[in-house]
Amino acid sequence: MGLVMVNQKLAILGEFLVKWGGTMLVSFVLMSTYYSCVHIIAENMYDNPTLIYWLTLIARVIILEIIVNLACFVYYARYNSVTYWHRKSCVADLRVYAEDNEAQPEVEYASAQPRVDRHLSWEPANEAGSKFCFTCNKEAPQRSHHCPLCKMCVLRKDHHCFITGACVGLGNQRYFMVFLFWCAIGLVIAMPHLFFYMNTEIAYWYPFGWCYYIGPVAVIRWILGYTPFSQACFSTLFSFAGASLITACGFFGMQVYYTTQGYTMYEYNNLTVRATFQGDGENMGERLRLVFGKNWALNFLVPLPWNLPVLTPAISDSLFRVRSKVL
């Protein structure tokens, strides 16, 4: 009985760490980088108080953008559900078409898509059908993929992000991309400041001083008594920041590329999906509005959760249509 309870407690702890461990790590690195650059390094690096003031202001704006978009990403992960988008696909999209048709009865939608009458009579471009999810025990579109960690079928799944603790899907991909964008901007600003501290306070980087900047090397030297704890912490932070900069830039670049191709990362690298379905959207504008909604560029300044993704008839057919002949 005691062993069963221990296993249950460990399972609960494991689920908690899988869901929130990465987020806590990001938050810790974020605040450590902010405090180190603004309150420790900047005072030694700059003599002008005005520069320190503007650095602090910019850092706070970046921190706010990262935190808000991370929170939105985690919250709106629930809207990756197939059931949610089944309800929204017809109601929200038809309302947009109806409003546009009423305002401009003879002009088609801005993305050159059919008006309401043609929307209702849209003929699908493919006959891919549906599939049955045995875990959820219900029918699901071909473009959905079950995530055992999120415990649901995720529509237009990109990947499960262990750092943020949720899947990247149709409901929250915009927040993930903006989160990566501001992380990259913040780390581009932070890395020169961290390097300045490492180069002046720990060791000159050339020819082999850079070895002391590596986190594991610094920790081993601290354990052996060759370096103080503070320097080991800064070296570890420098390593985390450098790795995070490479990761954020790499993932943001991939997200931009896959979005402009009309796929997600999972779908683009799945030859079966690419052979069955064409990329979503007929042009770049449709593909960006599918992820960000209308006025997509504003999402990089402030989250727009009320601005739903724009689903054209062709995209709706590709994402949601279920056909009984494959059952």
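Even glycines carry a Cβ here, placed using N, Cα and C.
The transmembrane segment feature in TrEMBL is assigned to 12-31 (among others).
Away from its own ends, the transmembrane segment (51-77) comes close to residues 23, 26-27, 30-31, 34, 37-38, 42-43, 150, 164-167, 169, 171-172, 175-176, 178-179, 182-183, 185-186, 189, 303, 305 of its chain (Cβ-Cβ under 8 Å, at least six residues beyond either end). The transmembrane segment annotation in TrEMBL covers 51-77 (among others).
The residues of the domain 'Palmitoyltransferase DHHC' (129-270), classed with DSSP into helix (H, G, I), strand (E, B) and coil, number 81 helix, 22 strand, 39 coil. The annotation domain 'Palmitoyltransferase DHHC' is assigned in TrEMBL to 129-270.
Only residues 6 or more beyond the boundaries of the transmembrane segment (175-198), in the same chain, are considered here, and those with a CB under 8 A from a CB of the stretch are 30, 33, 36-37, 40-42, 44-45, 55, 58-59, 62-63, 65-66, 69-70, 72-73, 76, 158, 161, 164, 168, 205, 212-213, 234-235, 237-238, 241-242, 244-245, 248-249, 251-252, 255-256, 259, 291, 299-300, 303. Annotation comment: TrEMBL describes 175-198 (among others) as transmembrane segment.
Residues or ranges marked as transmembrane segment by TrEMBL: 204-224 (among others). Below 8 angstroms of C-beta separation, residues 195, 198, 231-232, 234-240 of the same chain, each at least six residues beyond the ends of the transmembrane segment (204-224), sit close to that stretch.
Counting same-chain residues at least six beyond the ends of the transmembrane segment (236-258), those with a Cβ under 8 angstroms from any Cβ of the stretch are 29, 32-33, 36, 158, 173, 176-177, 180-181, 183-184, 187-188, 190-191, 194-195, 198, 213-216, 218-219, 264-265, 268. The transmembrane segment annotation in TrEMBL covers 236-258 (among others).
The domain 'Palmitoyltransferase DHHC' (129-270) scores a mean pLDDT of 92 in the predicted structure.
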